[in-house]
């Protein structure tokens, strides 16, 4: 193990000589064994593995304020008798953490009392070499720090040579830079494209151009610190402890506790997360109680969506109207969480029942779809701005683009249309291989995920592997059993999930699935797609691996379009309606069914939507013509459900032929 040396005479350590103690990443704050402590400058923390005594000039104690601090000798090598934690590793991490937060003298005292030191002089030297641009010495020190050829010695040397090369170019020394390129970078067996990119930088006439093209901030910026951080990957962690290692371990512990907390639904901060106890959210704080019933629609309510500010909720109904509901503030004289909801606007000018709706990013425009038409509404005045007629069959999906520049739509006509924000066609795909039933764009604006029924001429009728990626077969995806046709067709229809590169329109993933696919939602990190898969399942697809990450079961779905969503803090929950009139809530990562919420009347709960600004509120809509607002129960509240009434009802639907609830013509 690495301990402080034990010379024959006592020695004293002046902690942080000639400078005041300051917070910073693992700063020795002074001179150590003849080498300047540069941890504070590097922004990194370090350590050194087991070496012989003599790594430090400190003796059995240090003189501090006239008192000698004796070294404590403890039996064994673990932190406790029944612990697996190595005492030396633990103490060195504590020393590192003390220096990180600014307790420089306390760190030095602990070093003296324990006999352990956080790092050896060789590590301090190496850091100094990198930060001061002493490149030959830095390369020579790599092997002394335990970096060998099989561990990436050549890769580490390449990174150092690259920094040297860029700094020479920045200093307008092209001849010396060319020598580094030929003698050090080229022989490193680096990727030819990377080498060509580096060689092209010689043509830069100005340092500003060099820094821009190389995506590099220069010798005077943070590039040397970033280089040192990258080199941590090649140096054994026992030699150079990773930056803020204790904090990293605590974050891992917190992440584990969050995964175990299936009702987690609060933003963590210092006020609600403590090291003194395990994190656990109270089930009573979950939104499981109906606080408001919105009851104006005269027929089944098929879809709902919140505005981005969470203050309005839009609903689409079979009665050919869309309603924009305004959420008020909780009653001052009420102990419940009930709020004063009003019907802000009733949008009646639709020739057919409504299927889809979506808000613009600034909430100034609401889009609604009614058969093959898309209508644009001013959400302040209720005026229909424009009616769009690009599609020739039922529009089954509309979604605003993540960058706010426009929106995208898809339909049974196999078309995907990208529109400008003013309703002009920007681009159109098609015909695709599926009659689309839903689509969604990933928040990172790189992919489009679509589901729908296979078009007979687009895919072979012969058996094929269920999954293809980039045109190459890559094995079977888990099939779901065939279910009742959402569209009322007696014959089984094969469905498919397809993932497109949004920029190139090329297919990244194509998976044939039995059973109806009725809705798509994308997680905020753009990694997962949540897909309702009849009968009676919801699948969470990992878009990176092309595999099912989790299945959710319990709800009923066989004939109708049911739309699910992510909910809660960090999208920790999956919520869905059901044909049995209930709302189902699962823990996203484990698939555990958490809640089965009753309250709606007869018929299906068709869609759910979680409030984007209030993690303790979501809404559901149903065939019973109502919308329910769900919130966390208020302690000792005797609230009773009261529908919102007294508002003008829209006229009854006409006798015009309709296609059925959530159903579309084949």
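Glycine residues also receive a Cβ, built from the backbone N, Cα and C atoms like all the rest.
In TrEMBL, the region 'Disordered' annotation falls on 456-488 of the listed ranges 390-422, 423-455, 456-488, 489-521. DSSP states for the repeat 'WD' (570-596), grouped as helix (H, G, I), strand (E, B) and coil, give 2 helix, 13 strand, 12 coil. Across the repeat 'WD' (294-325), DSSP classifies residues as 0 helix, 17 strand, 15 coil. Within its own chain, the repeat 'WD' (294-325) is flanked in space by residues 341-348, 350-359, 361-363, 366, 368, 370, 377, 379, 382, 561, 563, 603, 606-614, 617, 619-623, 625-629, 643-645, 647, 649-650, 652-654, 658, 661-662, which lie at least six positions past its ends and keep a Cβ under 8 Å from the stretch. DSSP assignment over the domain 'CTLH' (119-176) gives 45 helix, 0 strand, 13 coil.
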